[in-house]
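So that you can see what the record holds, here are the features copied from Swiss-Prot:
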- T13, R17, T266, G309, G410, N414: ADP binding site (BINDING)
- T13, R83, E84, Y135, D244: sn-glycerol 3-phosphate binding site (BINDING)
- T13, T14, S15, T266, G309, Q313, G410: ATP binding site (BINDING)
- R83, E84, Y135, D244, Q245: glycerol binding site (BINDING)
Amino acid sequence: MQKKYVVALDQGTTSSRAIVFDHDANIVSVSQREFTQLYPNPGWVEHDPMEIWASQSSVLVEALARAGIHSDEVAAIGITNQRETTVIWEKATGKPIYNAIVWQCRRSAEICEQLKAQGLEEYVRENTGLLLDPYFSGTKIKWILDNVPNAREQADRGELLFGTIDTWLVWKLTEGKVHVTDPTNAARTLLFNIHSLTWDNKLLEALDIPLSMLPDVKPSCSVYGTTRIAGEGSEIQVAGMAGDQQAALFGQLCVEPGMAKNTYGTGCFLLMNTGTKAVRSNHGLLTTVAVGPKGEVNYALEGSVFMGGATIQWLRDELGLIRDASDTEYFASKVADTNGVYLVPAFVGLGAPYWDPNARGALFGLTRGANRNHIIRAALESIAYQSKDLLDAMIKDSGVSLKRLKVDGGAVANDFLMQFQADITDVEVLRPSVCETTALGAAFLAGLAVGFWESVIELEHKACIDKHFIPNIDAQTRVQLYAGWQDAVARTRT
């Protein structure tokens with residue numbers, strides 16, 4: 001039977017999805033299932049790895065069944081995943097020894113402080129591109145080994161395996177035959193040397209993690225093994241995987257140096273491909289691994305905004321100014337400007353490039369004439385201002401002058417926000433027709449790995465732009481608006 005489809009498994013923080021794409025990169029079928037969030041202590045976040053697998057395997061079956069697709073018609077399954085989340089299981093039984101510790105979890109902060117006290121902060125920055133933070137997997141692994149009964153002894157005997165979610169899914173799909181990750185996920189563990197592209201023995205020793213626990217690192221665009229849907233039908237190749245933000249970068253076909261994408265979700269994630277050069281940031285950005293045009297390792301600069309769509313949720317849930325996120329465009333467009341109002345949504349501090357955990361949110365410029373529309377508009381503009389902060393930092397670090405910014409995520413449906421993003425950055429903003437770019441990136445990697453598609457050049461002909469947003473304000477206005485934002489940010493930090 002002819003191979004007509006590629007399936008992307010998109011394993012996220014709150015839900016598991018399966019999306020079926022045809023040869024023209026159109027979405028044929030989608031299935032999604034949420035799973036339980038566990039908060040056993042303040043600042044702790046966990047998932048049940050078996051529930052993740054159950055949700056992911058069930059949506060795979062559902063997505064194919066809904067479209068009447070037989071396993072014979074599927075060329076490959078690709079994977080993209082929430083990054084950093086940590087699973088440890090028994091090699092012999094496949095049984096997790098503890099819940100998955102989620103990327104958001106802060107329980108290993110003390111371990112990070114111990115590593116800093118050992119003078120490892122600069123070594124980590126130089127060799128992994130990351131900061132010493134509980135966000136990343138390495139300290140989560142150590143916490144499990146130190147706190148779960150018998151875990152340390154089992155690890156020393158070579159009986160335990162570690163994986164981020166991509167590794168866990170491949171292990172389950174291949175029925176325990178394959179223990180593998182890719183460079184984009186390995187680069188988020190705090191254990192991977194992004195220059196030699198190998199596990200770092202010094203960091204493994206510092207965290208007392210046996211090398212035997214770690215997966216093999218295979219290219220993001222390659223075949224890892226085979227699976228059967230619900231144990232039945234023809235074997236399907238499991239091929240191609242990347243962490244969610246790198247998958248989105250590839251899904252947007254940002255495969256050349258200087259190409260960048262911004263994902264507008266609860267927060268914002270801005271990544272710029274820097275090619276074969278790992279650029280070290282002097283502005284608080286992370287250096288990470290990306291995927292090049294032939295599936296090879298490229299590098300990227302990454303910055304994140306803590307409060308993107310979450311700012312709009314605040315307007316709705318806490319202030320009651322809107323009923324639905326989509327209302328913001330209507331209200332913001334009813335006024336010509338914010339009437340001098342700036343909202344700095346530093347509700348949990350400020351991320352890159354400021355990294356100020358003590359900053360707090362504030363509204364500035366309120367006068368008697370300020371109304372709901374001005375505040376809503378200021379909230380939308382704050383998302384664009386924070387993204388400009390990141391973009392300016394990337395341009396300074398990379399020395400590349402950006403001309404176009406590709407965008408994805410839920411908030412890109414807001415035309416006002418996208419136009420203001422173009423205006424304040426003086427960069428053309430491109431919104432794709434298919435905004436499921438994370439899943440699309442996994443599908444592209446899988447399809448390229450098995451020859452379903454021949455090259456990135458072929459994929460470029462399938463990538464359709466829904467709308468171009470062209471900068472439409474003069475330079476003086478842009479400078480004045482941004483100066484007002486910078487002043488507001490400075491005042492939240494004093």
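Going from the start of the chain as shown, residues are counted 1 onward.
Placement of Cβ uses the backbone N, Cα and C atoms for every residue, glycine included.
Feature map: Swiss-Prot annotations on the structure.
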residue: S15; record: ATP binding site; Cβ within 10 Å: 14
residue: R17; record: ADP binding site; Cβ within 10 Å: 23
residue: R83; record: sn-glycerol 3-phosphate binding site; Cβ within 10 Å: 25
residue: D244; record: sn-glycerol 3-phosphate binding site; Cβ within 10 Å: 26
residue: Q245; record: glycerol binding site; Cβ within 10 Å: 24
residue: T266; record: ADP binding site; Cβ within 10 Å: 18
residue: G309; record: ADP binding site; Cβ within 10 Å: 18
residue: Q313; record: ATP binding site; Cβ within 10 Å: 14
residue: G410; record: ADP binding site; Cβ within 10 Å: 16
residue: N414; record: ADP binding site; Cβ within 10 Å: 21
DSSP three-state assignment (helix, strand or coil) for T13 (ADP binding site)
coil
To the nearest whole angstrom, state the Cα distance for the pair R83 (sn-glycerol 3-phosphate binding site) and R17 (ADP binding site).
15
Closest of T14, R17, Q313 to E84 (sn-glycerol 3-phosphate binding site), Cα positions, binding-site residues only
T14
For ADP, whose listed binding residues are T13, R17, T266, G309, G410, N414, the greatest C-alpha pairwise distance in Å
24
Among the binding-site residues T13, T14, point out the residue whose Cβ has the most other Cβ atoms within 10 Å, with all shown protein chains included in the count.
T13
Suppose the glycerol site is R83, E84, Y135, D244, Q245. Which further residues of the same chain have a Cβ inside 8 angstroms of that site's Cβ centroid?
Q82, W103, R188, G243
DSSP-derived class (H/G/I helix, E/B strand, else coil) of Q313 (ATP binding site)
helix
Record lists R83, E84, Y135, D244, Q245 as binding glycerol; longest Cα-Cα distance in Å?
15
On a count of neighbouring CB atoms within 10 A, which of the binding-site residues E84, Y135 is highest?
E84
